[in-house]
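K.L.:
Questions regarding the structure given below will be posed in turn.
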Amino acid sequence: MGAVRIAPGLALLLCCPVLSSAYALVDADDVMTKEEQIFLLHRAQAQCQKRLKEVLQRPADIMESDKGWASASTSGKPKKEKASGKLYPESEEDKEVPTGSRHRGRPCLPEWDHILCWPLGAPGEVVAVPCPDYIYDFNHKGHAYRRCDRNGSWELVPGHNRTWANYSECVKFLTNETREREVFDRLGMIYTVGYSVSLASLTVAVLILAYFRRLHCTRNYIHMHLFLSFMLRAVSIFVKDAVLYSGATLDEAERLTEEELRAIAQAPPPPTAAAGYAGCRVAVTFFLYFLATNYYWILVEGLYLHSLIFMAFFSEKKYLWGFTVFGWGLPAVFVAVWVSVRATLANTGCWDLSSGNKKWIIQVPILASIVLNFILFINIVRVLATKLRETNAGRCDTRQQYRKLLKSTLVLMPLFGVHYIVFMATPYTEVSGTLWQVQMHYEMLFNSFQGFFVAIIYCFCNGEVQAEIKKSWSRWTLALDFKRKARSGSSSYSYGPMVSHTSVTNVGPRAGLGLPLSPRLLPAAAATTTATTNGHPPIPGHTKPGAPTLPATPPATAAPKDDGFLNGSCSGLDEEASAPERPPALLQEEWETVM
């Protein structure tokens, strides 16, 4: 009878086509969902069954051999390793068979066991097949093992009517994941708290900038658009998580045991109708859109500041419309292109799996915005350092200049999203171990809390915002004081000075600051004239001719002409932006507001 020698690579003969085709669909830097895993399993099963028909149609491949199967082992393992007895101990039946005749007989037929394709097995040998790449959570460096007995049948589990197989190397990530689960739980808590805090703080910041009319200017309008993009990004993340993982925990959605994989493979294929995935696809689409708009409004902030510094003729109101279209419209274009391509060429699952190179339709524009914004940041810091050296020459030491430069740079970093550049060239799937944990904690922390940092620096710590809040608070407390004293009837009021038993409060330019003027704090002549007139209290609303009056704002404490871009002053900024040239002194004032 003819003999057929199994080539060393025959163990992968049936599986390689399945692995290569499935690998084209599974993207290495995405998270596998349960629906996508089911799809890949059914696809692998169909391709395996096709290969089985081709192999079984060649009877010469499965004929009995008179010369034996001495070199037919497909395990790829040395015999001394198989004799260890840890993974695949020899049966008593095999021990009784002489070594020279162990491989004589009919081989075990190839088959699909609902997880992977098993090739022809040499009788009396253990067959090892690499763990399939199309099962996302498997250890792809391990092997699965089966034993082919001398009768040409796959060995059964004692006491059970099922084939024995050892998947322990493949599922080691599934059986020992306590520490990994702790890491993922901690990362989930970080980004949940971070986006929640950012959403709350940004909501307050937008309400403040929208409420006070004195804060309405081009720069603050751009800030409000940026704040809104951060808010929508946080909301879209929460909605996406709720939709994708509704009805199942993260464990159930992404972690499948060996028995669950078998049950899934035996079930009918998942429905391919788009209506079944409409909700999650809409959630994923809006998440990608708001993610892209957030990156592009960060770029708009950089372009605006760069234009103020380097463009002599810059109409802020005119460019605001262009910035608005750029920030909200351009991301809509490439996200719409991605949706069209995905719906046409890879309309599977919830679209949260990128399906190969189609992800670059969205990722390339986002990466381009990050790189461009980083270039703008470097150029602006260079100009800032030059102005600091020119302005402070001879007035402060070098260490003080460096401290000012460092402070200004740190203030600009959240606005420009500089932290994105750190791990931009290192996808998280290309690293492992401690470096992977460092990268993930870094990105989750800064990405989720970036909105909070931006709201703190550019709204809550803004000098003009604080002044407007103080004025509003003073007016509110003053109105309450009016009502309280009016009900008590202890004083009379008019549009002149307010007269009380202890002080005189001028309802004038300084009233907005809520500063009561005590006679003890006034000059002697002013205190005498203001407090009494010929020993009598002054008449409300009456001012004696020639009486000395306090200036509205002391010259020594006069506010600077322009509080600057970074400090948030809107006064005079729009008018001065259209000037032919921006004076160097004014530019320096804009930068020194952060020092």
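Each Cβ is built from the backbone N, Cα and C atoms, and glycine gets one as well.
In case it's useful when we look at the structure, here is the feature table from Swiss-Prot:
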type     : residues      : note
SIGNAL   : 1-28          : signal peptide
TOPO_DOM : 29-188        : topological domain 'Extracellular'
DISULFID : CYS48-CYS117  : disulfide bond
DISULFID : CYS108-CYS148 : disulfide bond
DISULFID : CYS131-CYS170 : disulfide bond
CARBOHYD : ASN151        : N-linked glycosylation site
CARBOHYD : ASN161        : N-linked glycosylation site
CARBOHYD : ASN166        : N-linked glycosylation site
CARBOHYD : ASN176        : N-linked glycosylation site
TOPO_DOM : 210-223       : topological domain 'Cytoplasmic'
TOPO_DOM : 245-294       : topological domain 'Extracellular'
TOPO_DOM : 340-360       : topological domain 'Extracellular'
TOPO_DOM : 382-404       : topological domain 'Cytoplasmic'
TOPO_DOM : 426-439       : topological domain 'Extracellular'
TOPO_DOM : 461-595       : topological domain 'Cytoplasmic'
MOTIF    : 473-476       : motif 'Important for interaction with G proteins'
COMPBIAS : 547-559       : compositional bias 'Low complexity'
MOD_RES  : THR553        : phosphothreonine
K.L.:
Going by a 10 angstroms cut-off between Cβ atoms, which of the disulfide-bonded residues CYS48, CYS148 has the sparsest surroundings?
P.N.:
CYS48
K.L.:
I'd like the per-state residue tally for the topological domain 'Extracellular' (340-360) from DSSP, helix first, then strand, then coil.
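P.N.:
The counts are 11 helix, 0 strand, 10 coil.
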K.L.:
Let me know the DSSP-derived helix, strand or coil state of CYS108 (disulfide bond), please.
P.N.:
strand
K.L.:
What count of other C-beta atoms do you get within 10 angstroms of the C-beta of CYS170 (disulfide bond), across all chains shown?
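P.N.:
So the number of other Cβ atoms within 10 Å of CYS170 (disulfide bond) is 27.
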K.L.:
Helix, strand or coil at CYS48 (disulfide bond), per DSSP?
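P.N.:
Assignment for CYS48 (disulfide bond) reads helix.
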K.L.:
Cα of CYS131 (disulfide bond) to Cα of CYS117 (disulfide bond): how many Å, rounded?
P.N.:
10
K.L.:
Using a 10 Å cut-off, grab the number of neighbouring Cβ atoms around the Cβ of CYS117 (disulfide bond), all chains included.
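P.N.:
A count of 26.
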K.L.:
I'd like the per-state residue tally for the topological domain 'Cytoplasmic' (210-223) from DSSP, helix first, then strand, then coil.
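P.N.:
DSSP classes over the topological domain 'Cytoplasmic' (210-223) add up to 11 helix, 0 strand, 3 coil.
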K.L.:
Nearest to ASN166 (N-linked glycosylation site) by Cα distance: which of the recorded positions CYS108, CYS117, ASN151 is it?
P.N.:
CYS117
K.L.:
Work out, from DSSP, the number of helix, strand and coil residues along the motif 'Important for interaction with G proteins' (473-476).
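P.N.:
Taking each residue of the motif 'Important for interaction with G proteins' (473-476) in turn, the totals are 4 helix, 0 strand, 0 coil.
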